[in-house]
């Protein structure tokens, strides 16, 4: 497999602990893992070995890249079966899980998933809107899985609840190669008010040692 140098050191992938009903979801998880390997990008994810989480982590690990799984201790019996993949970091709760994954990553990608995936996705979008980080956020919109969510967000823009600038935080594409390419080209935007906000959590969430990705100041 030919490797391509990326601006990202590590990408956080949000996805389901289930595999979904369509084979295309499973294929997309594997393709995303392979794309990260091709671009020499490491993975941080929710730490499970089942569902789409298991597929993407196995693809990255088998391709020779580092895998960091962050998982609450309570969920380990449920989401980890058999041999673990890569490095597993146990944390106390869901809040620590999200903060640690965000701190470790240079960008975020959401594969299809359920409530947990949506909650993680929307939180990092909100953090970007508030200027807590400047990291790209991407939706891998497999077979139009996220079409309804994007329609809802566009409706919120039309009704004045989300600004057009905040809408542009979200990058979406139907396949991994196109999505990662768009994330590589992403440039964050901030309005005058957001750019002046100072957050206590900025350094912990936005700074990753050795990263070439711009962080909030």
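Glycine is treated like the rest: Cβ placed from N, Cα and C.
The following features are taken from Swiss-Prot:
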{"type": "BINDING", "residues": "79, 97, 98, 114, 115, 116, 117, 118, 119, 120, 126", "note": "substrate binding site"}
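Counted within 10 Å of its Cβ, the other Cβ atoms near residue 126 (substrate binding site) come to 12, all protein chains included. Other C-beta atoms found within 10 angstroms of the C-beta of residue 119 (substrate binding site) number 13, with every protein chain shown included. The DSSP secondary structure for residue 117 (substrate binding site) is helix. Sorted by the number of other CB atoms within 10 A, the binding-site residues 98, 115, 117 start with 115, the lowest.
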